[in-house]
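What TrEMBL says about this protein:
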BINDING   K110  ATP binding site
COMPBIAS  374-388  compositional bias 'Polar residues'
DOMAIN    82-371  domain 'Protein kinase'
REGION    368-388  region 'Disordered'
TRANSMEM  12-34  transmembrane segment
Amino acid sequence: MVFLLCENNITGISAAGVLLTTIIIISVVIHRIINKKPAYRSILLLFKRTSKENLILEAAIKQYGSLAPRRYSYSDIKRMTNSFKDKLGEGGYGKVYKGNLFAGRPVAVKILNTSKGSGEEFINEVASISRTSHVNIVALLGFCFEGQKRALIYEFMPNGSLERYIHGETTSKTDGHLGWAKLYQIALGIARGLEYLHRGCTMRILHFDIKPHNILLDDDFCPKISDFGLAKLCSRKESVVSMLEARGTVGYIAPEVICRNFGVVSPKSDVYSYGMMLMEMVGGRKNVSVKASHTSEIYFPHWAYQHMILEKDFKLKGVMTPEEDEIARKMVLVGLWCIQADPSQRPAVSKVIEMLEGSLEALEFPPKPFFGSPSRSPEASSITIAES
């Protein structure tokens, strides 16, 4: 009995010694990682950041209950894309592949480039687009968030982006002019999608990146707004949103997003981007083109404004009838109203829809858009969100 007690004590002491030694070793290793090895420290920070992002994502998804998009594993993503066999496109955000859900439904799978920033844009996109359900908003069917592997699964849009049909440099020989009636319906559909984001959701959503590349077209060329990575969710009770830097794509960003001297950031910031896109739809080119044959044509909105004042023939591609000429002129007038430098002079998106659906004669002629630069440099601070 005495022998057994001694043996148990010795065993306990040995176990305690091993545990203490292990704790000391782990402490030393962690100390070396944090203070001596930057690479290891980065790994620890990355693990911590990923864990935090995962918790934020889980919390955001939990709000939607049964309506939440489905979460897939990375092995699921590989299977549905046939090991990333059919690439649809590529950009700074990553790559997009065609795939099929297990029931056979075709999808577009966006594999995000993990080297570009944090997971904030990914979480932002999942959180914002999960709140939407509209014919002119692309549907998010699922996502993958597994360590540093991130993917978004969307409904497949067989006709690709609007960009390929309106920018000459990205239009193939098989992609002719869409026709003015179809362009008009696309413009109207995008405006309706924006109105839904601004007024139809429980939380107001400002997109901040409306441009041709982010407008996808289905079988019937019904437009769907996509890419919500830069979007802002705004409670209707909130009056201020913290924005320390401009967001969006050069050529489509509203002046007040860059410099608040122009006014407050509001849903009309999206209206500005919409207007710049509308001008490109009319011109069949980017708004700024160094390839223009005359200096007056370098900036298309300026050229279009001058032609409207002088009532000159636009001689635009595909305009064959008086009805098509009226559509083109109506789109130009609406576009010019949307790109006014002063946000208070821009129409709300609901008014944009009314203008597009009305007659050309009913439209007032807009002031000349401001084509210069602000008098003072941009300031980084909180930007007020104003009601539309």
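Along the chain as shown, the residues are counted starting at 1.
Here the Cβ of each residue, glycine as well, is placed from N, Cα and C on the backbone.
Curation does not apply to TrEMBL; its annotations are automatic.
For the residue listed as 'ATP binding site', the same-chain residues 6+ apart in sequence whose C-beta sits under 8 angstroms from its C-beta are Y93, G94, K95, V96, A151, L152, I153, Y154.
For the domain 'Protein kinase' (82-371), the mean pLDDT of the prediction comes to 87. In this structure, K110 (ATP binding site) is part of a beta strand by DSSP.
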